[in-house]
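As recorded in TrEMBL, the features of this protein are as follows:
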type	residues	note
TRANSMEM	12-33	transmembrane segment
DOMAIN	27-276	domain 'G-protein coupled receptors family 1 profile'
TRANSMEM	45-64	transmembrane segment
TRANSMEM	84-109	transmembrane segment
TRANSMEM	121-144	transmembrane segment
TRANSMEM	186-212	transmembrane segment
TRANSMEM	224-247	transmembrane segment
TRANSMEM	259-278	transmembrane segment
Amino acid sequence: MEMRTQTSDTEFILLGFLIAYTLVVLENVIIIMTIRVNCHLHCPMYFFLSNFSFLEILYITVTVPKTMVNFVSGSKRISFIGCMTQLIFFLGLGNTECILLAVMAYDWYVAICNPLRYPAIVSQALCICMAAGSWLCGFFISAWKVFLISQLTYCGPNVINHFFCDVFPLLNLACTDMAQAALADFVAALFILLIPLSVIILSYACIISTILHIPSTRGRQKALSTCISHLIVVVIFYAASIFIYIWPQGLPSHNTNKIVSAFYAIVVPLFNPIIYCLRNKEVKEALKKTFISKGVQLFFPKK
């Protein structure tokens, strides 16, 4: 009975991971395809949204497939190089997402506060530079952190009480002085969280000020509705990030840490595309045009 219950629990967890992973990949692929095939969405804000969707696919791919393989095979081993590789991608993609959210906030600021100069300010070259800079900066900081963590000496038993390689479970295994690695982690977290957050706050302060000066209620609602989805994603992302990285010692147990990490690494990427689609009229209309109308034509072709 005990073995059967344990097997059922494992299958239930595995099914949950599989469904979440499939949905995240499918949702973001649909968004990327929709933006790709609709010419009126070929503008800076949707270029950044495509980058964001691609990042979400990679983000969940770093952790969930390996976790599912461990459940299926029964082996919960990972090499040191494999662990460091997983960590550098997990942190790098998280850093990139943080910077990319700030870039998207700046894009919204220019679109709402300087609409006439928007095409001149946010040019194609600037979009490519900002997107590439987000990826490069995110992975540079990640590589620096992981290099310092990899130089620590780890004592046995080397058992990570987590479902993937993350910073704090790894630091708990170190038996040498962690001062340099801990300081590097703090400085990097400060840089990667506070600077983009400052850009986001300043951008939205200007956006709100501009919206309040719009004379008509309908105009204010229209301007606010264009950026509300991004604001919701920012709040969820930073709430989860601050909870994990600012108060790691305050978590009641390792199991609570796992739950919060699962929310951060799986649940947030699952709901981000839904938030963007439900709150964005242009994306919703493009989705209907791309998939529903073409689906009708496929099953009921015109004679």
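Quick reminder: no glycine exception, Cβ is built from N, Cα and C everywhere.
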Using a Cβ-Cβ cut-off of under 8 Å, list the residues of the same chain that are 6+ residues beyond the ends of the transmembrane segment (121-144) and lie near it. 44, 47-48, 51, 87-89, 91-100, 103, 106-107, 110-111, 114, 184, 188, 191-192
So are the transmembrane segment (45-64) and the transmembrane segment (186-212) touching or not, going by 3+ C-beta pairs under 8 A with a sequence gap of 6 or more? no
Over the domain 'G-protein coupled receptors family 1 profile' (27-276), what is the model's average pLDDT? 84
